[in-house]
Amino acid sequence: MADNLPPEYGPQDEELPLLPLEETPPPPASAICGTAMLLVVFTLLITTVAFAGLYLRESARLPRWPKPSISPLGKYAKAGVAADNEYCSEIGRNALLHGGNAVDAAIAALFCIGVMDTHSAGLGGGHFMTIYNATTQKCTVIDAREVAPKAATEDMYKGKWNESWRAIAVPGELHGMWTEFEKFGSGKITWKNLIKPTIELLEEGFPTSHALAKALATRAEYIASESTMKAFINPKTGQVYRAGEQITTRTKLMNTLRRLANTTDPLQEFYKGAMAQEMASEFQRYGGILTKEDFASYQSLVVPSSDVIYTNLRNGRVICGPPPPSASAVTQAILSVMDGYKYNMKKADDISLLYHHFIESSKFASLITEEAHSDDYYGGSFLTPPQDHGTTHISVIDSQGNAVAVTSTINL
């Protein structure tokens, strides 16, 4: 037993010299049994003490992790910003500190996420933003999701629907952000200053997040073969960036954001001007079907409060969210069912019951997606791509009680 212990448990027992053989009469049987029993008990005692010491010593070396919080709420003094990346949460927070409101902070954080977690969101994607006005106590939704190019066909998305230049839809991200800034921003912080922190990240370089590194590793072979994605290859290693490695190669995106920050009309620049022409030409060169006309015809939609979906809960709280094709209706259906029950989150049985109700509610609510799509879903000229995957979410509450929930995606 002692031979298996590490050195820190003390010196090993010294080997005793062999006793000389002597012819002595054998002890009586009762003495042998008593000695054997004593030896067994002593051995068990030593073994127990050794294992206990090993356990206690190892336990003392382990970190003392706090128990998971059962509270669904974070507590903040005046406001809060929550993004998938801490850099982006800080950028959103700084927008609030410079006089911006929840919408300004969400836009600033969204630009950042497009860089830090570029596999989830960015200028090439789109989003839904739900804005709660604390004064009117009403919600407004901006639908800035992508739309299919006019040349899209019924069978073009079969197979590798999320690869190649044909898989790219007309992006709505920027159109939505500018619409939100113009209509719902505070007016106390400039468009340029919302983008500037993200430009500085690109100028100085930024660490690869674990989420981005995982996404790059998953598609490493494709990235290496695609000439337009060389910015994701670390020039020092010749491989895709790994977690923690500093990214300094995204100069094209940096220059794009500079152009958008310095123009007085970013929609004109991106959707109708020189930038739109550059992108359309690149799509044509690489076999895509997006045209300058596709960019020029794009419009994000402001959904009025009367068309927003609301659900009243027993505790007096109200949920609001976008109509289809957003999944807000599904989420609210799940919460509405579960609102009919009470759970004691300190009891294991109640926690298990909550998960059971959630799973069953989700099964029934998912059927809504087959019957509650927007009108243009039915009888369309092309098939809807499979379920989205690459997605991010940002939540903001400012000091005035205004709130924003924005979900952005590039569908990877």
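The backbone N, Cα and C atoms fix where each Cβ goes, glycine too.
Those TrEMBL annotations? Automatic predictions, nothing curated.
The active site, nucleophile annotation in TrEMBL covers Thr391. Annotation source TrEMBL lists L-glutamate binding site at Arg145, Thr409, Ile410, Asn411. TrEMBL lists 1-22 with the feature region 'Disordered'. The transmembrane segment annotation in TrEMBL covers 29-56.
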Set of same-chain residues at least 6 away whose C-beta sits under 8 angstroms from the residue listed as 'active site, nucleophile': Ser120, Ala121, Thr407, Ser408, Thr409
Among the L-glutamate-binding set Arg145, Thr409, Ile410, Asn411, as the record gives it, the longest Cα-Cα distance in Å: 11
Asn411 (L-glutamate binding site) in three-state DSSP notation: coil
CB contacts for Asn411 (L-glutamate binding site) [other CB atoms within 10 A, all chains]: 21
Neighbour count (Cβ, 10 Å) for Ile410 (L-glutamate binding site): 25
Where Arg145 (L-glutamate binding site) falls in three-state DSSP terms: coil
Residue with minimal Cβ packing [other Cβ atoms within 10 Å] among the binding-site residues Arg145, Thr409: Thr409
